[in-house]
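Undergrad: For 3-23, 47-67, 71-91, 105-125, 137-157, 162-182, 186-206, 210-230, 237-257, 285-305, the entry in Swiss-Prot reads transmembrane segment, with the evidence type sequence analysis.
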Amino acid sequence: MNIILFTSLVAFFVFLLILKYWINFQKSKGIGKYIRKEGPSSHFQKSGTPVMGGIIFLIVSIPFLFFKETFFPSLSTILFGLLGLLDDFKLMVNKDYGIRPLRKIFLSFIITLLLYIFSFHDYKIYWGSKLIISSRIFYVILFFVVFIAVPNAINLTDGLDGLAGGTSLITLFFFLIYNFQFNNELTLEISLMITALIAFLWFNSHPAEIFMGDVGAFALGGFIASLSIINKVELLLVFLGGIFLIESLSVFIQVFFYKWKKRRVFLMSPLHHHFELKGWKETKVVWRFYIIHLIMMIGGIILWNLT
């Protein structure tokens, strides 16, 4: 345990230095975020902010590819992170759009297929200590839903300073506590990912000096999805990723009603933009979403332990 804490402490300052260099490098090259005209007008001032701070999450995972216990989550983090990185590069070139949504989902499907090949196959699905079902078909469906949904959901959540990073941090603290008893390489990787997130939030807190980019959102999504599979808490992920689910549902509802009734349910989706346009300050939206995320996670854990 002491080794994990010491390593994380040293790593925090290393990550701060890496991010500071990355910010300065992008500024010197004129690299920065392009803000789409369709977004809230208050976001126009963020134009030019350095991007792809989430590369640091890939740096964390690369060494852990060489350990049996951490190969699967590391591979998941890196593959989804590379998908996000490709999207970021396309956004830099095309300005107004990156990888098209359907193509992004298709690529997520291909990555998930590769991950399924490399994963251990325990077809049991639990809620707490209760076995819900043991079925290869249901497990495969759940596996694909988790890996396609979570990275894309975190990507949708990444729209305000500190929002995706902070909510992911809350979720990862659950997995750290859940795995701390084992005191193995996976525990160390989770601890270092949390450390990297804290270092990132040092610069991403409002007003952000750098954004995580799609590389960060997808890497975190791949990591969290893999942890839910490893720890057999796939169903609990609905509560562990509460805000991710809410943000995704808001987009689905908005698109569905617009196509059906030609009207919008929200002023703008994802949901965090709706509250911005309602007059909430960005920091208020972020902190209230943190609270909702934490409450949903605690509520889910209580329900999980009742069985």
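Glycine is treated like the rest: Cβ placed from N, Cα and C.
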Undergrad: Using a Cβ cut-off of under 8 Å, list the residues of the same chain at least 6 residues beyond the transmembrane segment (210-230) that approach it.
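TA: Counting only partners 6 or more residues beyond its ends, the transmembrane segment (210-230) has Cβ contacts under 8 Å with 19, 22-23, 26, 33, 49-58, 61, 72-73, 76-85, 87-88, 91, 98, 111, 115, 119, 143, 146-147, 150-155, 157-158, 164-165, 168, 171-172, 175, 186, 190, 193, 197, 200, 203-204, 236-237, 240-241.
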Undergrad: Of the listed stretches (47-67, 71-91, 105-125, 162-182, 186-206), which one yields the highest count of Cβ-Cβ distances below 8 Å with the transmembrane segment (3-23)?
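TA: Ranking 47-67, 71-91, 105-125, 162-182, 186-206 by Cβ pairs under 8 Å to the transmembrane segment (3-23) puts 186-206 first.
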Undergrad: Which stretch, 47-67, 71-91, 186-206, 237-257, tops the Cβ pairs under 8 Å count with the transmembrane segment (137-157)?
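TA: Of the candidates 47-67, 71-91, 186-206, 237-257, 237-257 scores highest.
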Undergrad: Is the transmembrane segment (71-91) in contact with the transmembrane segment (237-257), using at least 3 Cβ pairs under 8 Å (sequence separation of 6 or more) as the test?
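TA: In this chain the transmembrane segment (237-257) does not contact the transmembrane segment (71-91) - fewer than 3 Cβ pairs sit under 8 Å.
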Undergrad: When you scan the chain for residues with a C-beta under 8 Å from the transmembrane segment (47-67), skipping those not six or more beyond its ends, what do you find?
TA: 15, 18-19, 22-23, 26-27, 31-35, 73-75, 77-78, 81-82, 84-85, 88, 92, 185, 188-189, 192-193, 196-197, 199-200, 203-204, 208-220, 223
Undergrad: Could you give the residue numbers and ranges of same-chain residues that sit at least 6 residues beyond the transmembrane segment (162-182) on either side and whose C-beta is under 8 angstroms from one of its C-beta atoms?
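TA: Distant contacts of the transmembrane segment (162-182): 1, 154-155, 190-191, 193-194, 197-198, 200-201, 204-206, 208, 212, 216-217, 220, 223-224, 227, 231, 233, 240-241, 243-244, 272, 285-286, 289-290, 293-294, 297, 301.
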